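Student: Submitted below is the structure of interest, expressed as structure tokens.
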Amino acid sequence: MSTSDHDRLLIIDFGSQVTQLIARRLRELNVYCEIHPFNLVDDAFLDAFGAKAVIFSGGPSSVFADGAPMPPASVFERGVPILGICYGQQVMMHCLGGKVERGHGTAEFGRAYVTPTAQKLDMLQGWFETDQDREQVWMSHGDHVSQIAPGFEVFGTSPNAPFAITADTTRHFYAVQFHPEVHHTPNGARLYENFVRLAGFKGDWTMGAYREEAIAKIREQVGSGRVICALSGGVDSSVAAVLIHEAIGDQLTCVYVDHGLMRKDESAQVVGMFREHYNLPLIHADESDLFLGKLEGVSDPETKRKIIGGLFIEVFEKYAKEIGGADFLAQGTLYPDVIESVSFSGGPSVTIKSHHNVGGLPERMNMQLVEPLRELFKDEVRALGHELGLPASFIGRHPFPGPGLAIRCPGEITREKLDILREADAVYIDQIRKHGLYDEIWQAFVAILPVRTVGVMGDGRTYDFACALRAVTSVDGMTADYYPFTHEFLGETATRIINEVPGINRVTYDITSKPPGTIEWE
């Protein structure tokens, strides 16, 4: 089965930072969906895509702005269900004859509560069933709908959004002012479940199906060509490598680049596992002197990422020539990598940081990219890894960034700081495993801070580095909360690091959520 054989849901992106979460909620329901920016969706695109239903995302724009993001008018004439979210609701009302007003004292940002009207709606099955007869939602809007379009009725209200939930049940158009995709709308998943049920989706998107489709796509793209795979030992690149090897066998050669930025003993573990257990063709390229030399004296995080991305390509091109010339470069790029790096014209999703798999790559490349995981979220990659037979202990490893410890070492990178960081990180992860917490945490690591602090050890004065412990819980990496360690755990861990790691005399714990922070420090 190819992706064209699935029921297809189109998400038209108007620039929301959380559009990918809409896709994630739909994937959890085994629905195949794609996200496309509004400015690339026209009548010809709609004809070719063949959507069974459409969702309008939120976005930062106002329908009053010059050149405001809008869908093609014909989308409302195709006889398919449409769900508008936040700005998507305002667009729907604006296009269909309703009215939107600027937010003067009616803006809502954050938690709000929606109460039902007397009318019943299939779309709200499972909502408003508690004793309080209201639902917590997450609002983020300035403008608001002041008059609904002809054919629509009101099914839910909030203090500052009298048309919080509206629907035209004849045409199966639904519109909500809040964001059901975020975790701050606890019952939001039920709305998506109801929407795809009413639209008649079969729910046939699974990782078993994706595996077969991806293998077919890889074979079609690569043909008889050779592929060189960037193997880091992380879950993403490892699943990509095993998937590609299953598709094309020894046309694949993996290159493990030791850039001097890996965790303690990681290089030996990765090389041993893939050579001995998976029997993958693997080149171990120790290029640590090259990378650390180019990074010497560099403090800016974006510059670090771009240097690392550029050097990766140089190294891969060099080893591709040594193995007889590879036509393709494989990477474990994921959906969140792309959404945090791409800003499309006219629907300004703000670029947060470049990723070494995406924005850090130079324009000049002598190989085509193979990115079989580009459409997947992290938990889908893990499910795919299970389908491919990778060990559960390996699939459950925490994410590790391509630039490695470079972005956990704010400021200038030195070999001394990297050695200290490796030891501190090893102690921290050992503590987490010892307390049985590893699988409860999405990602945990140590960052070594670019400051030295005064301390006292025994009768002597110390002047050593401070470090920050980081641990977060998340579903997909798009949003995250800090993990609530006990004070006893933090005290025990800090004591171990200070006693066992020369060069550290102060330990802090980072309790910043995402947003406003990012998971990594750089």
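Glycine is treated like the rest: Cβ placed from N, Cα and C.
Values in this document were obtained by computation on a predicted structure and should not be read as measured data.
Annotations per Swiss-Prot:
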type: ACT_SITE; residues: Cys86; note: active site, nucleophile
type: ACT_SITE; residues: His179; note: active site
type: ACT_SITE; residues: Glu181; note: active site
type: BINDING; residues: Ser232, Gly233, Gly234, Val235, Asp236, Ser237, Ser238; note: ATP binding site
type: DOMAIN; residues: 8-204; note: domain 'Glutamine amidotransferase type-1'
type: DOMAIN; residues: 205-397; note: domain 'GMPS ATP-PPase'
Student: To test your reading of the ATP site: which residues beyond Ser232, Gly233, Gly234, Val235, Asp236, Ser237, Ser238, same chain only, put their Cβ within 8 Å of the Cβ centroid of those residues?
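Tutor: Residues close to the ATP site, other than Ser232, Gly233, Gly234, Val235, Asp236, Ser237, Ser238: Leu231, Val239, Ala240, Gly332, Phe400.
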Student: Suppose you look only at the domain 'GMPS ATP-PPase' (205-397); what would the mean pLDDT be?
Tutor: 83
Student: Which one is it, among the recorded positions Cys86, Gly233, Asp236, Ser237, that lies nearest to His179 (active site) by Cα separation?
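Tutor: Ranked by Cα distance from His179 (active site), first place goes to Cys86.
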Student: List the residues of the same chain that sit at least 6 positions away from Ser232 (ATP binding site) in sequence and have their Cβ under 8 Å from its Cβ, in sequence order, or write 'none'.
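Tutor: Once residues fewer than 6 apart are set aside, Ser232 (ATP binding site) is near Ser238, Tyr256, Val257, Val270, Gly332, Phe400, Gly402, Gly404.
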Student: Radius 10 Å, atoms counted are CB only; among the recorded positions Glu181, Asp236, which position scores highest?
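Tutor: The residue with the densest Cβ neighbourhood is Glu181.
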Student: Can you tell me how far the Cα of Ser237 (ATP binding site) sits from the Cα of Glu181 (active site), in Å?
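Tutor: The Cα atom of Ser237 (ATP binding site) is 28 Å away from the Cα atom of Glu181 (active site).
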Student: If we check Cα distances from Cys86 (active site, nucleophile), which of the recorded positions Glu181, Gly233, Val235 wins as closest?
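Tutor: Given the candidates Glu181, Gly233, Val235, the nearest one is Glu181.
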Student: Between Val235 (ATP binding site) and Glu181 (active site), how many Å separate their Cα atoms?
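Tutor: About 26 Å separate the Cα atoms of these two residues.
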Student: By the DSSP assignment reduced to helix, strand and coil, which category contains Ser237 (ATP binding site)?
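Tutor: The residue in question, Ser237 (ATP binding site), is helix (DSSP, three-state).
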Student: Of the binding-site residues Gly233, Gly234, Asp236, which one sits closest to Glu181 (active site) when you measure Cα to Cα?
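Tutor: Closest recorded candidate to Glu181 (active site) by Cα: Asp236.
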Student: Taking the Cβ of the residue listed as 'active site, nucleophile' as the centre, how many other Cβ atoms fall within a 10 Å radius?
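Tutor: By my count, 26.
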Student: Please list residues from the chain of Gly233 (ATP binding site) whose Cβ is under 8 angstroms from its Cβ, counting only those at least six apart in sequence.
Tutor: Tyr256, Met262, Glu266, Ser267, Gln269, Val270, Met273, Phe274, Phe400
